[in-house]
Amino acid sequence: MAITDFLAASDITLAINACKAKDSFSPKTFFKTVGLSKKTPTEIERVFKILDQDKSGYIEQDELQLFLQNFSKGARPLTAAETRAFLLEGDSDGDGKIGWEGSLRGGLVSPINSRCNFPLCK
């Protein structure tokens, strides 16, 4: 399963190019540009599983640092500041990692409208 099975390659390229400079990454902008904000809960869960490189059920800080490389092999790693900010926005229960189940309870996906409802997607 590849990210491009769920997201358009052209949208990924646009999103990666928009954050090439260090400290220019914005999760909200990135998610919107790649089209995650329009995906169903099932599609978002599949993308989550791709991003969860160690298959722990969570996306931890080290995986977030390499977040962009999941979308494009040549993409830069996130800076420490970008990684911390991303983790703070996505960690719904304060455990220092982003979990799929916690994301459902924390509002990542709205069961009412079946679309991404996480603040990063808006």
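Heads up, residue numbers simply count up from 1 along the chain you see.
Yeah, the Cβs are placed from backbone N, Cα and C, and that goes for glycine too.
As recorded in TrEMBL, the features of this protein are as follows:
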type	residues	note
BINDING	Asp52, Asp54, Ser56, Tyr58, Glu63	Ca(2+) 1 binding site
BINDING	Asp91, Asp93, Asp95, Lys97	Ca(2+) 2 binding site
DOMAIN	39-74	domain 'EF-hand'
Residue pair Asp93 (Ca(2+) 2 binding site), Asp52 (Ca(2+) 1 binding site) - Cα distance, angstrom, rounded: 18
Rounded Cα distance in angstrom between Glu63 (Ca(2+) 1 binding site) and Lys97 (Ca(2+) 2 binding site) is 10
Tell me the Cβ contacts of Asp91 (Ca(2+) 2 binding site) under 8 Å, same chain only and six or more apart in sequence, or just say none. Lys97, Ile98
Identify which of the binding-site residues Glu63, Asp93, Asp95 has its Cβ surrounded by the largest number of other Cβ atoms within 10 Å, counting every protein chain shown. Glu63
Is it possible to list how many residues within the domain 'EF-hand' (39-74) are helical, extended or coil according to DSSP? 20 helix, 2 strand, 14 coil
